[in-house]
Structure formats: C-alpha cells, structure tokens
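Below is one structure; the comments refer to it alone.
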Amino acid sequence: MLNPIVRKFQYGQHTVTLETGMMARQATAAVMVSMDDTAVFVTVVGQKKAKPGQDFFPLTVNYQERTYAAGRIPGSFFRREGRPSEGETLIARLIDRPIRPLFPEGFVNEVQVIATVVSVNPQVNPDIVAMIGASAALSLSGIPFNGPIGAARVGYINDQYVLNPTQDELKESKLDLVVAGTEAAVLMVESEAELLSEDQMLGAVVFGHEQQQVVIQNINELVKEAGKPRWDWQPEPVNEALNARVAALAEARLSDAYRITDKQERYAQVDVIKSETIATLLAEDENLDENELGEILHAIEKNVVRSRVLAGEPRIDGREKDMIRGLDVRTGVLPRTHGSALFTRGETQALVTATLGTARDAQVLDELMGERTDTFLFHYNFPPYSVGETGMVGSPKRREIGHGRLAKRGVLAVMPDMDKFPYTVRVVSEITESNGSSSMASVCGASLALMDAGVPIKAAVAGIAMGLVKEGDNYVVLSDILGDEDHLGDMDFKVAGSRDGISALQMDIKIEGITKEIMQVALNQAKGARLHILGVMEQAINAPRGDISEFAPRIHTIKINPDKIKDVIGKGGSVIRALTEETGTTIEIEDDGTVKIAATDGEKAKHAIRRIEEITAEIEVGRVYTGKVTRIVDFGAFVAIGGGKEGLVHISQIADKRVEKVTDYLQMGQEVPVKVLEVDRQGRIRLSIKEATEQSQPAAAPEAPAAEQGE
C-alpha cells in the first residue's frame, strides 16, 4: 500500500511540504516538494557498484520543466517538450554545484538526480524548490552524501533583506541572490545586484544561510522517519608504501615544474614527469593500476602547489597573492562591428563585440513563469583552440551557457533603460585564450565593447576571480587565479562590478569551514583588484562614444495619436509594408502610439517620419492640399491627399465651367491642387479643384488637353 510520509513547515512567507513514499518507489529515493503551489518532483538513483576503471565521479543532474505545470500545451511543432532550454540548463547547474562537493572523495558510483517541475505558481520560482528536493532525496537515499543542504533566495527591498521574495517583489528588489549550504557552511552563491556594497552582499549571504537552517532541520527530521539505511561504502584503503615510492620519484621534479611560468611549457613538463614516473613504476611491478598511480600523482601535484602558497612563496607564475596579471586593453579592433574590444589578462583573452538591433530583434522567451522579452543578449563561446586543444565545435555546452549568464549578470546593472536607449543589444564573447577566469574577462571586454558601440552604460564594469587555499586555520586568498589554482584550490569566487559596487557575485566552495571573515577578506581583496582593472580599462576608453557606429541602425522615436495607428498600419498591414519598402527603414508601432523608425541613413529616417506625419495629420476643412488622382469615375475623380487619404472631387468641382467628360480634364496619376470642402461623420472627404484654383489665382483652372480641344 502507498504510505506517504509528509512534513510541512513555514519558510519565510511560504509553506513548504516534503512528501515521500508515494511515487517512484523503484528509484533509490524520491521526494515531492511544494512551495505555495509550485511543486517539483525529484528522484535520485545511485548505482551500488562503480564501473571498473572509473576514475571520476559521474554525477548527472537533470532539471526539466513540463508545460502542463502551468496549464499549457507546448508551442513546438511536435507539441511536446524538447531539449533543455537555457533556463533549465542554468537551474540544473544551480542544483549540481552545492551537492557535488558533499560526496566523499573516492566515491565514483554513478548517481543521477532528476528534478521535474509538475506544478507552477507564477509567483514562486521552482529553482529553490528543486534544490531543496535534490537535497532531501539524496539525504533519504542512503547514498554517501554529507548533506543535507538548504537553499534560499534573498532580495533587498527598502534597505531590508527579504527571504524568498515573490516574482513581483523581485521586480522591486536591488538584489537577486541564491545561497546554498550545509548546517555549518556556505557552499554556493549565485547573484546579480544593482551595484551593492561588499558589506551588503556579505550580509545577504549570511542572512540566507541563517534562514535556510529550517530547511535542513526538516529534511533531517524526514530522514529519521523515512530514510533508507546508509550504504556500506568505504573508500579504497591508502597504499602508504606506494604513495611514498611515487613521492620519492616525482615530488621534487613536480615542485620544479611548477616554477615554470609559461602554461604550455609547464603542462608539457608535468606530463613528461607523470609518464616517466608511471613507466618506471610499471617496469618495477606490472600489476600496478595505472589509474591509481595517476591519482597519487595528482594528489602530490595538488599538495606541491598548495603548500607553496600557504608558505608564502610566489605562485605558479611568480606572482604574489594579490597581484593581477599583465593587462592589455584595446577597443575598436573590428572595423565593421558596432563595437568591439580585445581584453587580455595574462594568458586569458576575450574578443568581445556589441551589436545594436531594433525591438524586433529582442528574444521572446516562452517560459513556465510566463512570456518575457529580453532586449539584452549575452553569448559566450569557448572554442577548444583557446586551451590549445582540438574538440567539437557546435551548439553551446552547459559550461558556456553558465559562464555567459554570469558575465551577463555582471553587465546587466549598468545597461541603460529601454526608454533612454531603445535598442536590443547583443554581446558576444569569443574566448581566444584561456588560463583562468574567462567569464570575468568577458565582463571587462563587454564593458569596453559597449562603450565602443556608443551604448550609454551607467558605469564601466570589471570582473575578477578569487581563489582560496586553506589548511586548518591557515589560509591564503589569491587574486586573479589561474586555471590550475582554480582546480587545486578550495574556493572559486568571482566578483564583477563598477567603482560604486557589486553587480554579480558567484561563489563555489569545495570545503567546509569558510567563515564570514574569510569571505570578507576575499571581497575586499576583489574590490582592490576590480579598481585596478577599471583604472587600466579607463586608459583605453573612459566614457561611451558620443555617437553610435555608422553601421548601426539609428532609431528615431515619434509619437502619434493611438487612434491613428490603424491608418499607419493599413488594411492587412498594406500601408506600413509599403512605407518600409518605400523608405528602406524598419518601423515598429506600440499600442500607446510610440513609433520607432530604424535606419542606417538619416535621410531615409526623415523621409519615413515625414510620410507618417502626412498619414496621421488631421485633414483640415478649407485647407488646400496637393493631391494625386488615383481613380476616375463618371461622376468625378478620387484624389489621394495627406498620406494616402482619398477624397472625391465631384464632376461639378473640377472646373468653373460645365465638364462633360472627366478625362478631358484629369488623367490618372496627375497632381492637382484640391481644397477640402467637408469631412463627414464617416470620414469621407469632399474636395474641390475649382475652389483650390480660385484661391491660388492667378493660376488658372486645369485646361482640357490641347489635342482633345482641337477635336
């Protein structure tokens, strides 16, 4: 029989329900988590045995949103969900990052977490719900996992921190921060902010971590009631004798290799040392496991780098702990792009471009939480050549999507409002070289490229990656980390912002025991680094260019009476289509009567504005217009005036004499002066050529063509 076990608790302004034992009973563990009608079903399956020769931990996290959760049918051709969207990929990463460090070292059994959104309240984002669900399911499963974790979203409204703000509240918030951690320590932070101070950001992290303890307590209570027995897993016993033998052969040589400052040269030397050491040991005993030897060598390598940093010795590339690598900053490097920059920091380099488009270039995102339009796009590409490798080139991978999102967050706070700068902006960062923190190089490059494109950003922004090496109470915070320092260190801490404050903060911590004080030191050290980089960037370009590129569309905005929108659009869009073809511009009309005309040529834009003004102008009774004959009928002629509006010139109003035949006086396409006699209630216009010519005397009334008179 189905025997659901349920726990309910209050979490900020929301009620959270954890339920297990009802569904997916063949999975290792399954939990349905709901928070005020947003429900996510999370399952965990772990393999009891590791695959032979497995040398890494194969953890997979899948997050999938079902449109039925919002009471909708997918809009795709096949009417079913397809591959993960960018948003789903980002949330999968958000779940993965805090749980991955909590599996014990040496655990290489396959584990898969699947989170499925099955119901959604548009005010409650499913990401926090999914993170709580993954934590609960892993804790219930019996798989070796040093959790549970809690997760919280923190907003900052009216100088107050807000726990798990609703979507409406987030629109008013200066901060959107997600923090996850265990009972004792923060493990992950992901945030964007409107240039808040270091203290405000740190306060938000501490607030979120304190508030999420209620989640951890309730998951622990659920585990007591419904948890499965802990797996009897033990790490492989350490072969002390083999470790000592490998260290004797390789430690001193690896220590020397890590004094080589050039990355490629260092990697080549390390590879030689490893292969020679393994060859020597296999020659002594062919029964040794090559994978095990590789792991021992990696541990020695890690220890060499860490111990040198903790001893206060220079880093791998010879720098002190708070030194930034050499910077090279150039703008306007590509002639035909709207804005471009090449930003180089040591062996990390980004070629960044900015492209301006119109509102119709904006991306319409049909998300579970509702449809929204994104007018600022940021794409990050990491080709294999950037690290001197060959590999697949194609659609962006999870890492590229995640890094692009982080870089976008770094720049978003300084982007101008649409009413001040009505362009869709796309930034693309091509990583051409990489050795540490290419996402932060993308932030710096984006700031430069946007200024080069003439985008009036509120301030220049720069980003920096910090690292940490900690043993016991001894720790060192490193500025501008290399790839190796990221890989071998205990924390990856990325901060982007302007001179005035932080726009984005991302933190991934691999160990417990990172205190508030350590985070404070890292944030303050990052501020110094950020200000140094901004100083160098300002030497290349210190303000947005006064004008946009000659190759970018210029958007001119005019306002018309909303009642006249139908006249500009025309039947089935005929008028606006003809206008865009005639003027060579792009025209967009909003419901409030705002008309945006985009053109690369100023004269074309002026022509389009003039034509729209003609179409929307009120026809004045008694005024004389120049019109064009569009139709000739027995009882008169129709003449187009004022932007395509047609009026009738009755046969009696063509000349001051009796007209027997209209074609004796008028031809199709002929331009004639006409006076407006009347506009009736239905908008029909009566015109007169006779009165217009009388008014403009000494000009005579139109004469019949000479040939016809002579007949």
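The backbone N, Cα and C atoms fix where each Cβ goes, glycine too.
Here is what Swiss-Prot says about this protein:
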type: BINDING; residues: D486, D492; note: Mg(2+) binding site
type: DOMAIN; residues: 553-612; note: domain 'KH'
type: DOMAIN; residues: 622-690; note: domain 'S1 motif'
type: REGION; residues: 689-711; note: region 'Disordered'
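D492 (Mg(2+) binding site): 21 other CB atoms within 10 A of its CB, across all protein chains. Here the domain 'S1 motif' (622-690) has a mean pLDDT of 85 out of 100.
Assigned with DSSP, the residues of the domain 'KH' (553-612) fall into helix, strand and coil as follows: 32 helix, 16 strand, 12 coil. For the domain 'S1 motif' (622-690), the DSSP-based tally of helix, strand and coil residues reads 8 helix, 35 strand, 26 coil.
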